[in-house]
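One structure below.
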Amino acid sequence: MWIDCKTIARSIEERTKERVEKLGFTPKLVSVACTDDPSALSYLKSQRKKAEKLGIAFEIMNVSPEEIVSTLKKLGSDESVNGVFVARPFPLGLDEKEILSSVPVEKDVEGVNPANLGLLLYDEEIFPPCTAEAAVRILERETNLSGKRVTVVGRSVTVGKPLALMLLKKGRDATVTVCHSRTVNLEEITKNSDIVVVAVGRAHFLKKNMVKEGAIVIDVGINYVDGKLQGDVDPSVEEIARVTPVPGGVGQVTTALLFEHVVRAAERQRK
């Protein structure tokens, strides 16, 4: 069974639009780009369309590798800008940690600054990473997480690690296992899980025999195979479990949350 993520994204967007109207001013998102990656550029185009739909001002700033850090710092003091997004991947040779640390904390709508990531250790979700939060929102709609055995396959800074912390948060109270490329007996672990979240970047990695019947599976994968977008979960898993589709799944909710964060940032800055 496929999980309906479109309805979740639409609900977030409707609430965001209502909050924009109550602000009394037009919030603004600036996306900083220092990449020629086709998928990154495509995402920036989709951001523009979504911003127009929600009544949010939007600007793309194309910068050189030498300018990216200083540009991000300047945006921090620009009162006309409420949210800052930085497109990835970065050109080879750039210090990713330095760049992400330069995203203004109070405008870090994608939740990539180490300062915002660190708050997750204290159960504070001011600007959590959008993809990790999308997985949580979907799961909370599908089930009560308390006591559920959740396996997160992947330990990235943007998905796996923050998601594990968010699922452990008091009030959600999931029992979380994080697996990775060196995990022994992965199939045994996923097969005994109520929920499996996969974010490894390998098309159709999670097979039907690795999932128990009735489980919930969140597919965070983005892989292009012969020009077609594929997830990390094999389509056959849908026969025995509830699965988020790719495309049209976690990605839609992620984008909706990005703009929810822009409005949240604007509301916090207005106070």
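Note: Cβ is positioned from N, Cα and C throughout, glycine not excepted.
Taken verbatim from Swiss-Prot:
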| type | residues | note |
| --- | --- | --- |
| BINDING | G154, R155, S156, S181, I222 | NADP(+) binding site |
(Q) Using a 10 Å radius around its CB, how many other CB atoms surround S181 (NADP(+) binding site)? (A) 10
**Q.** Under 8 Å by Cβ from G154 (NADP(+) binding site), same chain, sequence gap 6 or more
**A.** G160, C179, H180, V197, V198, A199, V200, G201, V220
Q: Output, ordered by sequence, the same-chain residues six or more apart from I222 (NADP(+) binding site) with a CB under 8 Å from its CB, or 'none'.
A: S39, G201, L229, G231, V246, G251
Q) What's the longest C-alpha separation between any two of G154, R155, S156, S181, I222, the listed NADP(+)-binding residues, in angstrom? A) 18
**Q.** S156 (NADP(+) binding site), number of other Cβ atoms within 10 Å
**A.** 18
(Q) Going by DSSP, is S156 (NADP(+) binding site) sitting in a helix, a strand, or coil? (A) coil
